[in-house]
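To start, the structure itself, in structure tokens.
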């Protein structure tokens, strides 16, 4: 059983303490009602991992943990087998005591694009919405954040996060809660809020932006990364049944339209800091994610389009401030 008690104890002593009015009951309800058919298998994999304190831990340039003396072949194989029980691994990569988890996404590339444009994360309390396996939270900690809290309702991601945390010496500077943004009260408590790869999955994107704003302190910073298309401030793509084989894609605005959405929600100092086409080097099938990936979702005769005929995935990073 994954224990959230450490997180409750942590926030009881800081400015997130008012969250304890609702959070424990929500988690207790989740524990009663959840259980994906494979959840027991996943949580067992976490439980059976060895407890290791890293001799060398690098979260600034990567997510890498090393022991003082190399682990035995048997120990490495045990870790690898248990981590493979948590496949597919989508966000990473991770290098843990000789086990290199080559994930579907090179999330480090995204972090390298985002990091230069952020306000200094030193000492900050951060919320990462739709955090996946938690890769970027560890990089936030590496960049100096005091506390990174991730929310993602996907149970596999929770187990992947807890597995990595255990191999990082049970590091308590990052925590993942199996909740969606709509389940959070208006905490107004985070210095920086990240929403990366979430907005296009929301039926009401402006409501999502308001929800993000409700989590920020005054003068807090929003980091928004999402799919965009080319066009002016009035351009928005509303895909049909699927976009790049994904059913749950609702609105893909231009970067200029997205700036207007943020302005409408009351954000200021809005900047588009990066726009890039997603490549099949950044998102691809690997030994740790063996099903279809980006190359399968693009037109084989024209990779500038998806198999449905829409523009191929292009992503923008916008940064804005809550006044």
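Positions of Cβ are set from backbone N, Cα and C atoms, glycine also.
Sequence annotations record features per position, and here Swiss-Prot assigns carboxy-S-adenosyl-L-methionine binding site to 91, 105, 110, 130, 152, 153, 154, 181, 182, 196, 200, 315 based on sequence analysis. Long-range C-beta contacts of residue 110 (carboxy-S-adenosyl-L-methionine binding site), restricted to its own chain and to partners at least six residues apart, with a cutoff below 8 Å, comprise 136, 196, 225, 282. In the three-state DSSP classification, residue 110 (carboxy-S-adenosyl-L-methionine binding site) falls within a helix.
Cβ crowding, taken as the number of other Cβ atoms within 10 Å, peaks at 91 among the binding-site residues 91, 154. Set side by side, the binding-site residues 152, 182 differ in how many other CB atoms lie within 10 angstroms of their CB, and the most is found at 152. Of the residues the record lists as binding carboxy-S-adenosyl-L-methionine, namely 91, 105, 110, 130, 152, 153, 154, 181, 182, 196, 200, 315, the two whose Cα atoms sit farthest apart are 26 Å from each other. A 10 Å cutoff on Cβ-Cβ distances gives residue 200 (carboxy-S-adenosyl-L-methionine binding site) a total of 22 other Cβ atoms nearby, all chains included.
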